[in-house]
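Participant: Here it is: the structure, laid out below.
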Amino acid sequence: MTYAADGAEATHREDGPRTPREGDHGASTPSSEGHRTDDNFKVIVRVRPPLLRELNGVRPYQHTVCVDPSARKIILSENVDAITQAGGPPKDGYMYATYDFTFDRVYDQDDEQEEIYRQSARDSVLSVLEGYNTGIIAYGQTGTGKTYTMEGTMDGSERGIIPRAVEDIFSCIENDPDPSSKYLVRASYLQIYNDIISDLLKEGRHNLLIREDHKRGVYVEGLSEWVVRSPSEVYSLMEQGAQQRATGTTKMNEISSRSHAILIIIVEKSTLLHQESNTEDGKIGGVGWRSQDETKEAPRRVKVGKLNLVDLAGSERVHVTGATGKRLEESKKINQSLSALGNVIAALTDQRPRAHIPYRDSKVTRILEDSVGGNCRTTMICLISPALESFAESVSTLKFANRAKRIRNEAHVNEDLDQRTLLRKYERELRRLKSELKQRSKDLVDKRKLLEVEEQKRRAERDKLAAITALEKRSREFMREKTEKRRLETRISGMQSQLLFGGKKLEDSPAFRNLLAKEHRRMRGEYEGRLRELERERQSVEQDRAQVDHYKSLLLKQRDIMIALTARLNERDEQLLALQEELDAVEKHQRQLEDVLDHKTSELIHLRKAAVEHTTTSTTKDTALGSALGEWKQVDEFRESLGRNGYLENIDNDQNSSPSRDGQPSMVNQLEDRVASLKQQHEHLRKDVEARLEEKNHLIESTRQENRQLRELLSRSSGSPTSFDPISAREVQSLREQCNIRKKEREALKTILNSKMKRMVDDVACTIKDYGHQEQAHSRLMAQVQALGQLLNATVGALGLSDRDVASRQ
Ligand SMILES: Nc1ncnc2c1ncn2[C@@H]1O[C@H](COP(=O)(O)OP(=O)(O)OP(=O)(O)O)[C@@H](O)[C@H]1O
C-alpha cells in the first residue's frame with residue numbers, strides 16, 4: 001500500500017511503487033508557489049542523523065528518508081532503498097508506504113547548522129532590523145533535533161540558529177554604515193509548561209496572561225524585558241532561563257524539553273528621517289527643519305522588529321514512550337497544544353472564506369498568533385527522524401508541514417508613529433539631559449565671562465584711581481615748586497632793587513656777597529641764641545623734674561606711714577570699743593545682781609521677823625534658834641552700812657525694827673560682808689577701767705592729732721588729700737560677734753544663778769518654817785546658807801572678775 005501524500009490528494013496505490021506525477025504536489029509544489037503572493041511563511045524540513053539508540057535497536061536499523069535538496073523534495077518510505085532504485089518497483093514485489101513532499105527547503109542528516117541558518121533563517125532574522133516581526137519555529141516529534149537546531153552549542157560549528165541569529169543582529173548593528181542609526185535591543189524568555197506561561201528570566205513570575213494590542217500585537221503581560229548589548233549578554237540570559245526550563249528524561253530523549261520555549265528579541269532602530277527622504281536640501285514637505293532650530297534633534301523614524309525563536313516541545317505517542325504519572329500529564333498537554341496548532345493551521349489553510357481560527361484554544365497558538373497567519377515573516381522548521389521506528393510520526397510531521405506551507409502571512413514594517421517605543425523614550429530622555437547639560441555648561445561659561453569682565457572693570461577702576469592719585473601728587477608738587485620759585489623770584493627782585501648792575505652778574509658783585517655774608521651771620525646768631533635759650537629751658541626743666549621726683553618719693557613715704565598709723569588707730573579704736581562694751585555689760589549685770597541681792601535680803605528680814613515672833617510666842621525656847629536670831633544684829637549693822645552707801649534704799653522699812661544681837665557673826669552676816677566687799681572691789685575696778693579709758697582716749701586724741709598733722713603735710717606736698725583704708729569690715733564683724741557671744745553667755749549665767757538662788761532661798765525659808773519640829777533643821781539651815789555663799793562666790797567668778805584680777809587691777 002502506497003500513499004502519495006501531496007497535499008489533499010493522497011493516492012492509495014496497491015499495485016506497486018508510487019511514481020511522482022505532474023501536478024500531483026498540490027499547493028506546495030514549486031509550480032503552485034507561483035500564486036503565492038508573498039514569501040512570508042516558509043516551511044523547511046530537516047532530517048537528523050540516526051541516533052545510537054535507533055542504530056542499535058532490537059530490530060536492525062532501517063532508513064526511511066530520501067532527500068533531494070535541489071528539487072526541495074523529500075521522500076518518506078518504508079523501504080527507501082527500494083524506491084530509489086532506478087528503473088521501477090522493488091524487486092521483492094512488496095508494496096511500501098511512500099510519501100513525497102516538496103517544501104521551501106529540505107535538509108538531510110549531513111547538512112550542517114551553518115548552512116541551514118544561512119539558507120533558511122538569516123534573511124528573516126535580519127529583517128527584524130528593518131522593523132519586521134519574524135519567527136522561527138521548530139516543530140517535530142520528541143528527540144528529532146528541535147533544540148539541537150535552534151540552540152545547538154553556543155560556540156563552534158554546532159551553534160544553532162539562536163546564537164547565529166544573535167551574533168548576526170549585533171554584527172549588523174555594529175557594521176551599520178549609517179552613523180546616525182541608533183538601536184535598542186531587548187530580550188525576553190518564556191516557557192509554556194502544562195499550558196501555563198512563566199517568565200524564565202524572572203523567578204516566580206508564573207501564569208502570565210496574553211494580551212493583544214492593535215499596536216503591539218499579541219504580547220505577554222508582565223513578561224520581563226532585558227536590554228542586551230552583546231551576544232554574550234543574550235547567552236547569559238539563555239543560560240539563566242535554561243535553568244528554569246522544564247526538562248526531563250524520556251525513553252525517546254535523554255534531555256527532553258517538556259515545555260514550549262520562546263526567546264523573544266525586540267530590536268528598535270532609529271534613523272534620521274531626512275536620509276530616507278528624497279526631498280532636496282534636507283527639506284521635508286517644503287520645510288527646512290535644520291534651519292528652524294539648530295538645537296533641536298533632527299526628526300527620526302523608529303522601526304520595531306520582533307524575533308520569536310520558538311522551540312516547541314516534541315509530540316510523542318504515549319503508548320510508545322510508556323510515559324506515566326507526571327510525564328504522562330506533560331505529554332497530554334504537549335500533544336493537546338500541538339494539536340491546537342495543527343487545528344489553527346488547518347483553519348488558516350481552509351478554503352472556506354472567513355473560517356474561524358481557533359487561536360484561543362491553547363496558549364501556544366495564542367502566543368504564535370502573529371507568527372502563524374499574522375504580521376510576521378515566519379520560517380517553520382519541521383524535524384523528523386530517518387528511522388523506521390519513527391515513520392508514523394515523521395509522516396504526521398510532514399503532513400503538518402505540508403498543510404502549513406499554505407499559510408499566507410502579511411508582514412509589514414512596524415514603524416513607531418506615535419512615539420511609544422522605548423528607544424524614543426530613551427532618546428527623549430537623552431535629549432532632555434543633553435539640553436540640560438548644554439544649558440548648564442552655557443551658564444557656566446556665561447558666569448565665567450561675567451567674572452572676567454567684573455575683574456577687568458575692577459582693575460580699570462584701580463588703575464584710574466592710581467592715575468588720579470599720581471596726578472594730584474604731581475600737581476601738588478608742581479604748585480609747591482611754583483610757590484618756591486615765586487618766593488625766590490620775589491627775594492631776588494628785592495635784592496636786585498637794592499643793587500646797581502655794571503655789566504657783571506649779580507652774584508659776583510661784592511655788595512651782593514657782603515649782604516649775603518651779613519645775612520648769614522645774622523641768621524647764625526639768631527640760631528645760636530635760640531639754641532642757648534632752649535638749652536637753658538631744658539636744664540630748668542630737668543631740675544624741676546628732679547625736684548618733683550624727690551617730692552614724689554617723700555610723699556610716697558609719708559603716705560606709707562599714714563597708712564600704717566591709720567591702721568594702728570583703727571585697731572585701737574576697735575579695742576576701746578570692745579572694752580567699753582564689756583564694761584557696760586559688767587555694770588549691767590552687776591546691777592541685776594544687786595537687785596537680786598536686795599530682794600533676797602528683804603526676804604531674809606521677813607523670815608527673821610517670823611522667827612522672832614515664833615520665839616516670843618512659843619512656850620519652848622530653842623537656844624540654837626535664839627543664837628541664830630542673835631546673828632541678825634550683825635545683819636542690821638551691815639544693812640546700815642549699805643544704807644549709808646545708798647545700796648539698800650528699797651529694802652522694806654520693817655527691818656529697822658529688828659532687835660540687835662550680840663555674839664559671833666553668823667553665815668548670813670559673813671555673806672553680806674562678802675557682798676559688800678565685792679561691791680567695793682567692783683567700784684575700784686570701775687574706777688580703774690574709767691582711768692584706763694581716759695588714758696586711751698587721750699592716746700586716741702593724740703594719735704588723731706598726729707594724723708591730722710600728717711594729712712595736712714601730705715595735702716600740702718601733693719596738693720590733694722590722700723585717702724586711707726578704713727578698718728576692714730571683716731574685723732568689725734568679728735568683734736561684734738565676740739561681743740554677742742559674751743552677751744549670750746552672761747544671759748545664760750544669769751538665768752542659772754537666778755533659778756539656783758531662788759531655790760536655795762526657798763529651801764532656807766522652808767527650813768526656818770519647820771525649825772521647831774525637826775531637830776536636824778539647824779544643821780540643814782547652816783548647810784543651805786553655806787551653799788548660798790558658795791553660789792555668790794561662783795557668781796562673782798563667772799562675771800570674770802576673779803579675786804586675782806581684781807587684785808591685779810588694784
Ligand atoms: N542534526 C543533528 N546532528 C547531530 N545530532 C543531532 C542532530 N539533531 C539532533 N541530534 C541529537 O539528537 C538528540 C535529540 O535532539 P534534541 O534534544 O534536539 O531533540 P528535541 O526534538 O529537542 O527533543 P525534545 O522534543 O524531546 O526536546 C540529541 O542528542 C541531539 O544531539
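Glycine too: its Cβ is placed from the backbone N, Cα and C atoms.
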Participant: Given the ranges 439-461, 600-622, 646-668, 692-714, which one is assigned the annotation region 'Disordered' in TrEMBL?
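Facilitator: The listed stretch tagged region 'Disordered' in TrEMBL is 646-668.
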Participant: Among the binding-site residues listed here, Gly140, Gly143, Gly145, which has the most company in the form of other Cβ atoms within 10 Å of its Cβ?
Facilitator: Gly140
Participant: Look up Gln141 (ATP binding site) in the DSSP assignment and report helix, strand or coil.
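Facilitator: DSSP assigns Gln141 (ATP binding site) to strand.
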Participant: So for Gln141 (ATP binding site), how many other CB atoms are inside 10 Å of its CB?
Facilitator: 25
Participant: In this structure, which of the binding-site residues Thr144, Thr147 has the fewest other Cβ atoms within 10 Å of its Cβ?
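Facilitator: Comparing Cβ neighbours within 10 Å for the binding-site residues Thr144, Thr147, Thr147 has the fewest.
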Participant: Under 8 Å between C-beta atoms and at least six apart in sequence, can you list the same-chain neighbours of Lys146 (ATP binding site), or say none if there are none?
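Facilitator: Same-chain residues close to Lys146 (ATP binding site) (Cβ under 8 Å, separated by 6 or more) are Ala138, Tyr139, Gly140, Ser257, Asp311, Leu312, Gly314, Ile381, Leu383.
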Participant: Would you count the other CB atoms within 10 A of the CB of Thr142 (ATP binding site), including those on all shown protein chains?
Facilitator: 24
Participant: Going by DSSP, is Thr147 (ATP binding site) sitting in a helix, a strand, or coil?
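Facilitator: Looking at the DSSP assignment, Thr147 (ATP binding site) belongs to a helix.
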Participant: Mean pLDDT for the domain 'Kinesin motor' (40-407), rounded to an integer?
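Facilitator: So the average pLDDT across the domain 'Kinesin motor' (40-407) works out to 85.
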